[in-house]
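Working notes, beginning with the structure itself.
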Amino acid sequence: MSDMYCGIGKIPKGKERGTPEYCVQSNQVRYYGLKKIDRSLLETAKVKKTSLVKEQTKLNNLIEKGKQMLKEYNNLKLIINDEKSSKSAVNKARKRMEEIVLRKDRFVKDVKKQREIVNDLIEKEKEEEKAAKKAEKAEEKKKQSKNSTSKSGSKSSKSSSGSSKSSSKSSKSSKSSSGSSKSSSKSSKNSKKSSKKSNFRTQFGGKPTGQIW
């Protein structure tokens, strides 16, 4: 991470272009100041919270320091075990070894503590990612539910309109049937009158005097 470069100039040899996240967390937005940075990143930078990048860098530095201490310790052992080494050199090496041994216990505690901090931050980031994905899925389901309700309402409206039209047609058909029934009733009455006239003529032999049928 320390090899990342956030400047606007040419990237130095042995370094690489820093990511937006790294540059924002490091308060170095010289390069990304030329471009539009995601607003959420800037909001995150404003919040005072422990940065995983910084804590990981601290852990890496401690591990590197431990490697150097181990290397120095092994070199001091070589000096002490070498028969050609002078007495003063051996005494000096032993004194330095004692200092390293004393520092070792504290150093191991520091590394352990820093590793726990980094692991906690990693777990926290994973939980935040899961929560964000869960929120996205919930939002998608909410949108789908709204669309489904809207379509269902539209279909119901069309069905109601169709039912109304069908009812109107049924009403017209009923009126037509009523008209036909009335016409049939009139025809029946006329037929009865005609039958009476015919019977009267048959019984009295023609038209009665003074009446026109």
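Here the Cβ of each residue, glycine as well, is placed from N, Cα and C on the backbone.
Swiss-Prot tags one of the stretches 54-78, 79-103 as coiled coil, and that stretch is 54-78. DSSP labels the residues of the compositional bias 'Basic and acidic residues' (122-142) in these numbers: 21 helix, 0 strand, 0 coil.
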